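What TrEMBL says about this protein:
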| type | residues | note |
| --- | --- | --- |
| BINDING | 52-56, 146-152, 175, 275, 329, 374, 442 | (6S)-NADPHX binding site |
| BINDING | 53, 142, 178 | K(+) binding site |
| BINDING | 411, 412, 413, 414, 415, 441 | AMP binding site |
Ligand SMILES: NC(=O)C1=CN([C@@H]2O[C@H](COP(=O)(O)OP(=O)(O)OC[C@H]3O[C@@H](n4cnc5c(N)ncnc54)[C@H](OP(=O)(O)O)[C@@H]3O)[C@@H](O)[C@H]2O)[C@@H](O)CC1
Ligand SMILES: Nc1ncnc2c1ncn2[C@@H]1O[C@H](COP(=O)(O)OP(=O)(O)O)[C@@H](O)[C@H]1O
Ligand SMILES: [K+]
């Protein structure tokens, strides 16, 4: 978050005091009003920590109170709450209580004075506990902590987060759900579960990466003018339709099947012939001019896809290819994996191939390498528990890319693509949990391998492949279960959707 902080500081220096917070609060209040539908007469509870995140909540609360909402701020540290925000809420006739709801910490919103004096003012606020207020609210605004949060929530904050979780009210998180790590998407302890997160200036990584993404609900970005001062070189980037459309390999008048690229698929085994068929099904939709298959499942492949060039003589003797895919359903065939890893063309290593490939041989490769593990496979490669990868996806993808000197596409609920050279990690914005079905990873490896053969870099092939695959998953599922072959069939629709957009 240092980049965001630096940009904020730079912008603040150019703007009148508090201008950024006013922009943030205005956007936050508008989003709350949209969610409420009718502001007048609604009951809004603000959970207010002692930083600027709480300040945003207080100012937004003041705006809602002026529109007729009954607004109560629950202050975690009454003596340290944002003074300006508290004053604004007070002037708008909002109410203030301490987190315990007790008279000692509670303060009248009608009283005068600064934040420091609030704690000492006798309470005329409701004697209801914070818990009761939250339970009766129509909307809870989480301003406990934003990008200044450190570690898991403290116990008093945790209690408020838990109360918000039990409430029937909609929960709006200010900037990010309190308790999630803004930089990494990690959630170490309790955190607020929001229906909507209103974030300021830029999407924080924690809003895009699981598990934190789950806590954010839908995310609304409020432009506070940071774009003009944010440095280039963000930590994360997400491709959009237009980016993908530019990268898709589309044949021209001069193209022939070889110039379009030939992708070799070394996959499948007697035990798992289906993996070969599925990888080929993805490869045929990825833009390469021809698909070669080597392995023991040639008959099954030909039966389903007669256009495949099938060979059973091993990768070396299969004829020229511009990129290889190795590993899906490969079983224990380490020899084939070693042969492919030694090839001087781009190679995608997936599934069993990840386990069978020799790490030094992968590192020694000079042509691009794209590794496509899921969390379990990534954990095995890193020698850590699967949970560690699931809780720290960004770090795991980066670490693997550095260790293997390879581009790493980490699959799962959030798909990330990290390049060994560093730079922004790509987070895939498409996809659906319906893709969590056996064999859909095989389709992805064929698809991304085909894009590699067509000439895309490993980073582009991985991220474009994941984008089309995710979109295909959504089209194929449309709210109902899918098989991996349905996903492969829908890749053409995804391609058209992107290309003709
Ligand atoms: N800068 C700008 O221009 C703009 C910034 N904006 C807004 O400011 C936010 C950043 O504000 P910030 O820097 O004041 O930090 P913030 O997120 O409120 O957290 C600090 C507070 O949290 C507390 N705390 C920490 N860890 C905790 C824990 N585990 N559990 C519980 N409490 C914990 C910590 O307590 P302390 O350690 O001091 O005791 C301190 O009180 C940003 O997210 C955005 O919303 C917008 O208005 C746009 C313009
Ligand atoms: N919860 C989820 N949400 C979205 N996509 C998911 C989820 N779980 C898995 N996926 C996607 O489904 C595919 C599964 O691939 P993989 O784990 O290799 O399965 P298989 O080996 O059976 O083919 C990947 O593209 C992955 O990103
Ligand atoms: K928050």
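We count from 1, first residue shown onward.
Quick reminder: no glycine exception, Cβ is built from N, Cα and C everywhere.
Note: TrEMBL annotation is automatic and uncurated.
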Can you list the residues of the same chain, besides 53, 142, 178, whose Cβ falls within 8 Å of the K(+) site's Cβ centroid?
47, 49, 54, 57, 143, 144, 145, 146, 149, 173, 174, 175, 176, 177, 192
Taking each of the binding-site residues 53, 178, 413, 414, 415 in turn and counting other Cβ atoms within 10 Å of its Cβ, which one has the fewest?
413
Which binding-site residues, if any, among 175, 412, 413, 415, 441 have a Cβ under 6 Å from ligand 2, given in order along the chain?
412, 413, 415, 441
Among the binding-site residues 53, 142, 178, 413, 415, name every one whose Cβ is found under 6 angstroms from ligand 3, counting any of its atoms.
53, 142, 178
If you draw a 10 Å sphere on the Cβ of residue 441 (AMP binding site), how many other Cβ atoms land inside?
25
Neighbour count first, Cβ atoms within 10 Å, every protein chain included; then name which of 374, 411 tops the list of binding-site residues.
411
Using a 10 angstroms cut-off on Cβ to Cβ distances, just flag whichever of 52, 142, 175 is the loneliest among these binding-site residues.
52
Given a separation of at least six residues and a C-beta threshold under 8 Å, show me what packs close to residue 412 (AMP binding site) in the same chain.
210, 374, 375, 390, 393
Top of the binding-site residues 55, 147, 150 by count of other CB atoms within 10 A is 55
Euclidean distance between Cα atoms of residue 178 (K(+) binding site) and residue 411 (AMP binding site), Å
26
Counting distance between Cα atoms, which of the binding-site residues 53, 142, 178, 414, 441 is nearest residue 150 ((6S)-NADPHX binding site)?
178
